[in-house]
């Protein structure tokens with residue numbers, strides 16, 4: 001399948017899966033804010049140079065936002081003092097950071113195009129740039145989302161955001177329900193090529209009854225390495241971490257090569273190698289970076305259009321419900 005056909009299929013998916021009245025376009029801001037993408041890119045470059053962990057943080061931020069009532073920038077809303085039920089209070093959002101970067105970029109966009117561009121679109125564009133600036137594909141995304149005017153509860157986030165213990169079955173259920181193929185689902189998990197995993201997320205995987213399936217596929221030397229960096233009964237497991245792969249700041253296909261060698265950090269990393277539905281796809285992506293990039297781009301667009309709002313608002317400040 002050539003690139004033109006792939007792009008057309010993705011576009012047809014987007015147009016066929018929007019909510020009633022919703023209109024997302026690849027040229028949505030051509031008249032109202034034609035310099036938008038340049039502003040977002042220019043705003044992020046110095047932030048990424050200052051902190052090379054920022055791209056991974058923004059990509060995860062976008063994933064978590066889109067999992068809860070769609071890509072509506074609800075995750076950017078600051079909890080109201082005394083409100084313990086806010087979305088950010090969810091245990092699933094442990095480690096979420098760099099939300100303030102979207103507010104910084106939003107202020108730059110507002111200076112050029114007042115009240116034209118939603119925080120939801122800026123978050124999608126920021127995640128897109130995070131991938132591209134880390135060496136990954138440049139992804140064309142349709143725009144025109146609105147921001148939510150309500151904030152979901154932590155219970156909703158707990159329900160919809162998958163935990164670190166998620167396996168292949170749950171992963172495929174989540175992503176195929178959003179219209180993704182199995183290949184696209186495996187590609188989206190490839191986002192683990194960026195960033196780190198906190199020790200708290202893998203303690204149960206490392207320290208459990210002998211013979212537990214959760215780590216039977218792990219290479220013994222790598223398991224020992226993880227245990228050394230994440231010791232049992234550690235008091236710092238919430239702040240200590242391990243790299244997802246040796247090139248944690250580069251968007252590449254080394255994640256799949258590591259997984260095939262038994263060096264996957266999370267349960268899903270190991271299970272995809274042995275599950276008959278995903279094993280050959282992992283093997284293919286490990287040897288063909290370009291195909292991984294194409295499948296990831298397609299999956300990114302599908303996730304970014306999931307549950308997008310057209311009846312929401314355009315917040316002037318991303319962290320406050322106007």
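Every residue, even glycine, has its Cβ placed from backbone N, Cα and C.
Note that TrEMBL annotation is computational and uncurated.
Per TrEMBL, signal peptide is recorded for 1-21.
According to TrEMBL, the domain 'Plant heme peroxidase family profile' annotation covers 23-322.
The feature disulfide bond is assigned by TrEMBL to 33-113 (among others).
Annotation comment: TrEMBL describes 60 as site 'Transition state stabilizer'.
Per TrEMBL, active site, proton acceptor is recorded for 64. The number of other CB atoms found within 10 A of the CB of residue 64 (active site, proton acceptor), across every protein chain shown, is 22.
For 65, 68, 70, 72, 74, 87, the entry in TrEMBL reads Ca(2+) 1 binding site. Here the Cβ of residue 72 (Ca(2+) 1 binding site) has 28 other Cβ atoms within 10 Å, regardless of which shown protein chain they belong to.
Here TrEMBL flags 66-71 (among others) as disulfide bond. Taking Cβ-Cβ distances under 8 Å and a sequence separation of 6 or more, the neighbours of residue 71 (disulfide bond) in its chain are 62, 65, 120, 123, 124, 145, 303, 304, 305, 306, 307, 308.
Under 8 Å, Cβ to Cβ, and six or more positions away along its own chain, residue 318 (disulfide bond) finds 73, 76, 77, 99, 102, 103, 106, 119, 122, 147. Among the features that TrEMBL reports, disulfide bond is placed at 119-318 (among others).
Residues or ranges marked as substrate binding site in TrEMBL: 162. The Cβ of residue 162 (substrate binding site) lies under 8 Å from the Cβ of 67, 92, 170, 171, 174, each of which sits 6+ residues away along the same chain.
The Cβ of residue 247 (Ca(2+) 2 binding site) lies under 8 Å from the Cβ of 193, 254, each of which sits 6+ residues away along the same chain. Marked as Ca(2+) 2 binding site by TrEMBL: 193, 247, 252.
According to TrEMBL, the disulfide bond annotation covers 199-230 (among others). The Cβ of residue 199 (disulfide bond) has 229, 230, 234, 236, 237, 238, 240, 241, 242 as same-chain neighbours under 8 Å, each 6 or more residues away in sequence.
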Pop the mean pLDDT for the domain 'Plant heme peroxidase family profile' (23-322) in here, whole number is fine.
91
Out of 66, 68, 113, 119, which of the recorded positions has the smallest number of neighbouring Cβ atoms within 10 Å?
113
Report, in whole Å, the straight Cα-to-Cα distance of residue 113 (disulfide bond) from residue 70 (Ca(2+) 1 binding site).
25
Counting only other Cβ atoms and using a 10 Å cut-off, which of the disulfide-bonded residues 33, 230 scores lowest?
33
Would you say which of the binding-site residues 87, 252 has the most Cβ atoms within 10 Å of its own Cβ?
87
Spatial hits near residue 74 (Ca(2+) 1 binding site) (Cα distance within 10 Å) out of the recorded positions 33, 60, 66, 113, 252 come to 66
In whole Å, how far does the CA atom of residue 33 (disulfide bond) lie from that of residue 64 (active site, proton acceptor)?
27
